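Per TrEMBL, the features are:
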type	residues	note
DOMAIN	2-31	domain '4Fe-4S ferredoxin-type'
DOMAIN	32-61	domain '4Fe-4S ferredoxin-type'
BINDING	R284, T309, R310, Q323, I324, G325, L326, S327, N361	FAD binding site
Amino acid sequence: MAQIAILERKCTRCGLCAQSCPFGGIDLPEGGYPALNAACRVCGACVRVCPQGAILRLEARAQSVDKSQWRDILVFAEVSGGRLHPVALELIGKARELAAPLHYAVKAVLVGNGVEAHARELQHYGLAEIAVYEDPALAGFRADAYAACVEDYIRAARPCVVLVGATSLGRSLAPRLATRFRTGLTADCTRLLLRDNSDLVQIRPAFGGNIMAQIVTAHTRPQFATVRYKVMDAPIREDAACGEIIRRALPAGVQASRAVCVRSQSVPQKRSISDAEILVVGGRGLRREADLALVRELAAALGGDWAVTRPLVEKGWAANERQIGLSGRTVRPKLIITCGVSGAIQFTSCMNASEHIVAINTDARAPIFDVAHIAITGDLYKIVPALTGLLKEAKA
């Protein structure tokens, strides 16, 4: 990791460094020398403007590992509320796809109390090995205890890649693990590729969704990535069971965790747009909040649910739970109809795996048409009511 160093013996206290910093990351006390504060982003602007060469950017040399010592792919199979989260199966499916060309094995690790039954279920999904950390002390998620268990298995198995679901639990666990191994983590990946040299290409939108970044952890192992639910394909369950279940002892200190669960309360599960098989989506092309009724009526006629894009949530027209996008939900329905949606990458990256995509937009060059299977150029205020009417007539 790079650092900024200020050489006081060369500094003339001219103040140019503080003036040039776009983040306000340099303090210049009266009569004193410049000093970095927490706002410093190590951008190097101060290095370039210093006339005395008193500010240096020091690049830490990455210590490369022997990649041949890290093999296979590990999936953290999350069990929450007594059920196996379906994102675990999706990660297993992707891991098997990535592992096949390199002849890697795919393994899974489960942590919790009463999770062995889920390990037996995972034997039907083509895993080579399933590690289980099971103990009453692991009832309820505690970040330190879970991280210690998964770290213990990673050090034993030495996987090349570790995949974690981008759930609330996974988003707490993954960065702790990456920090313990001083390695990289890419969150909310939309695509994953594995090179012949075992480098994982982690693809996700960046810079506000303006580009699709390809991120590689080239010098350290393991490589961590989180993936949202409904992004990857789950494998077909096989009748025959395979893969050995290994019961692992708890690492020292887990039972002495300082975190104590005082009380837990189950929150009633709301119906999520991520689980809908048919979705109708309203976008910026809707002129008024009342016009969302067009979207809801079409969704009802189709027997589906409705959703919106981020601009409508920001206007207060709908709750965040109905938003599709990087700051909302990822969906993969059998049918999705977008109404007045332009198709920004923040949106399309979270729905482009849908089975059938129908887009309605007045702009024939709208980006949404690049991912649509059926593109309808026209006024949604004419097309949507007409389509709803036809569906109602067909049901009558």
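Cβ coordinates are placed from backbone N, Cα and C, and glycine is handled just like the others.
Known features from TrEMBL, placed on the structure.
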residue: R284; record: FAD binding site; contacts (Cβ under 8 Å, 6+ apart): T309, P311, L312, G340, V341, S342
residue: R310; record: FAD binding site; contacts (Cβ under 8 Å, 6+ apart): Q323, G325, S327, G328, Q346, F347
residue: I324; record: FAD binding site; contacts (Cβ under 8 Å, 6+ apart): I273, L279, V281, A307, V308, T309, T330, V331, F347, C350, M351
residue: L326; record: FAD binding site; contacts (Cβ under 8 Å, 6+ apart): D188, P205, G209, Q346, S349, C350
residue: N361; record: FAD binding site; contacts (Cβ under 8 Å, 6+ apart): G285, T338, G340, V341, S342, G343, I368, F369, A375, I376, T377, L380
Rounded to whole angstrom, what's the largest C-alpha distance between any two of R284, T309, R310, Q323, I324, G325, L326, S327, N361, listed as binding FAD?
23
Which residues, given as numbers and ranges, are at least 6 beyond the ends of the domain '4Fe-4S ferredoxin-type' (2-31) yet have a Cβ under 8 Å from it?
37-60
Determine, from DSSP, whether I324 (FAD binding site) sits in helix, strand or coil.
strand
Structural state census, the domain '4Fe-4S ferredoxin-type' (32-61) (DSSP three-state):
5 helix, 6 strand, 19 coil
For N361 (FAD binding site), the three-state class that DSSP assigns:
strand
